[in-house]
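Listed in TrEMBL for this protein:
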ACT_SITE  289  active site, nucleophile
ACT_SITE  761  active site, proton acceptor
BINDING   155, 158, 175, 188  Zn(2+) binding site
DOMAIN    131-239  domain 'UBP-type'
DOMAIN    280-799  domain 'USP'
DOMAIN    587-628  domain 'UBA'
DOMAIN    662-702  domain 'UBA'
């Protein structure tokens, strides 16, 4: 609260400031609270344990933790704790074993020693203390004349040039495991150890005068090598001359302003810090920059500002007893922290003068730490709950899914992103067509590498690079492929082949092509550049390209037109059900399985998701995964039932149809997550015998479904919404879309630095008040050179007609 204290209810263990504690007491009748207050003392310079007479109160925030480092040697703590009894505000100092009942004493001790969301996550972000390897002192190094060059390294067993490890016994350079540090490998370093028994290896690119990353294959863990300088010198490596870099090159081998790390972060340019509402930074909690970048972009959109920050008092009034587990409360708190300006204040002139006089710089107490928000939003998710780097696009969709499931009034802010896609599929033999619709939130643009405008430069660079590697010289200055945006847009609109297309006109498999168009244009268009792909060896890689993204975008020509005169529709006949002799041979779309597996889900869970959703694609299967993640057999192998069990088992897997002939609840949830009303989803499934794909087609072909009232359905609907903070008002039938003109203006983009979504760093650029601003975690500055050509996700808003 304003005096730096926190009241914790001893019944619910929820914390409140002084301004809210009275209301909580009146609302709940709880009268026993634990009052906590932390006093921060600044030590006298040069004194041991001394403190200034003047005390400062350090505010205790439930979530919005200021970013300064209070663990520094300049400060010390003094904690105060006491019980407060309402309504008389009777205070009992702690500890007080003599006067308090034993149960109260135990509860206070447990609460004071409990770990907060901050403490729970912090140990995961710290590196474990490494132990010296038992092999370091007695390591035998072969006198084989091997000398390691300063650059141009390559695995001696394959062509990989990343995640390379130098064996300290024989000087072999080999690649690590694919999952070891997120940058890919074929495990040749481990195979070499198994063949030779040479135990220690150092990661190339991590060698500095202060040390290096050393791994012991025998001890199966990272270790310290106290003799690392001697061991490296054996192969001609002088630690004092080495500097750590992303690609393993020394600093003097890198040309200025070429690395995307420098360009995207605008390194080498003096940037002016920005302060005030909307210019608040976010602390990196350990590879949480993907979350920071997405949330900065989200809360720059007025609809999200109104929904959560504008409704903050109402959301707090309707919050459940445990607001730490409520999505809308956490969103409102985060939005308030970013937009209020309370955590983004410029330094006082007196502080600046003092710093100049003392020739020192102390960080300002600005920015917020979204620990509680991250703990909640990633709860139960195998990837986002970890401290590994993640894909910002996947997190954006995960966030939209949570927004959809937690309405905050009659207007859902995620409606601004939703649009309908018309997919036209044509049988190449009969020339007949089928039109279907689906809901989407992101326009994914392929990278048209074949349209690069600097092909001659790229060819010349590749020749120089190979020559430098062969001669073990520093690599030439990087040449980045320049791709016209128009070529990417053209690639998006071109027809694509449909694998295993079954033509209802021919009653057989045939060649088919599919074309996608916009059946509606969203109010805010999110464009993802598909930079991440897989090589022929299934190693993830990133396309390092420059695309001239436009400030103004017109995609009106991509508007869907529906069935055209002269076109004949394919008959509405479902393909025959073929039961193979071997039930295990049932077809599963492996491409969808791989897409889900790339997100970090267990492989067997991905197979089950694709199987039980009828091969309808990775997006539908993803919804199945979210709905079944908590089940004990979630990651167990897929067991395909025998012929006589197919129907019943399939129904059970999707949520068995009850005696009242209600559709499976999981199928209903999948359709609702696409933006349709619950009664529409139930009607569609009933009309199509619970066929999910046909149910979606039914919805689009029945824009005005009949209203039906079923007491059982009403009861079920109330149960499903029991945990919602504020029930959404009934909206119009069908998917909620905000159609309009297809002309847009760029207002933000998220950029990624690194070779893979599993590593690297994210930065957000937003256009505010007529200028570009860079949000780099806690650092918020006016942008001088916004790298619009190197972005990964772009945000456009519609230009009013």
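Cβ coordinates come from backbone N, Cα and C, glycine included.
Curation does not apply to TrEMBL; its annotations are automatic.
These figures come from a predicted structure and were not determined experimentally.
A gap of 6 Å separates the Cα atoms of residue 761 (active site, proton acceptor) and residue 289 (active site, nucleophile). The most crowded of the recorded positions listed here (155, 175, 289) is 175, judged by how many other CB atoms sit within 10 Å of its own CB. Cβ-based neighbour count (10 Å, all protein chains) for the residue listed as 'active site, proton acceptor' stands at 20.
Its own atom aside, the Cβ of residue 158 (Zn(2+) binding site) has 14 Cβ atoms within 10 angstroms in the protein chains shown. In this structure the C-alpha atoms belonging to residue 188 (Zn(2+) binding site) and the residue listed as 'active site, nucleophile' are separated by 31 Å.
Counting every protein chain shown, 21 other Cβ atoms lie within 10 Å of the Cβ of residue 188 (Zn(2+) binding site).
The Zn(2+) site is defined by 155, 158, 175, 188, and by the 8 Å test on Cβ atoms against their centroid, the other residues of the chain that qualify are 156, 157, 159, 160, 164, 174, 185, 186, 187, 189. In this structure, the C-alpha atom of residue 289 (active site, nucleophile) lies 33 angstrom from that of residue 158 (Zn(2+) binding site). Note on the domain 'UBA' (587-628): DSSP counts are 30 helix, 0 strand, 12 coil.
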